[in-house]
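> Sharing a structure, written as structure tokens. Questions coming.
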């Protein structure tokens, strides 16, 4: 139940190639969510993350999620966080390959294991050969809804529609604009 699937396509105007790939939305911790009681090491162990996938963090209003550097991950330091989410539903698109590090804003919870490291693999199906890869720290978006997380894990309902729709609308707009340009040229 912790996975959602999103279809994304990339149009290469000059080569007129259309490449599609399936992206997965992972609800971190599945129905338990981003919580001190969740064994995040076990949760991540059987997952393979690729560029284009999305991590959805769901947590109570007293928590937060921070993307940090490897060094800050090891020490549970959030002073120089690359990103901070605190609205109960934080959606993070994995837009570059490499290691990603996340910690809880509560240092004691982080030291108790509420932190997550994911290794993101390149997605050759999503980028045409020769295209440059994204670089730099990850960017993020967050959903404007309050958390659906409560003390009953079975009631937590993942919902990342805001991110997915925004991404798909942008993709559709780019595709239609490219097609209109091609038709005008022809």
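Start at 1 and count along the chain as shown; that gives each residue its number.
From the backbone N, Cα and C atoms, a Cβ is placed for every residue, glycine too.
Predicted automatically and left uncurated, TrEMBL annotations should be read as such.
Keep in mind the model is a prediction, meaning the values are calculated, not measured.
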> Region 'Disordered' per TrEMBL sits at which of 95-124, 125-154?
125-154
> Could you tell me which of the ranges 71-93, 163-185 is annotated in TrEMBL as transmembrane segment?
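When 71-93, 163-185 are checked in TrEMBL, transmembrane segment belongs to 163-185.
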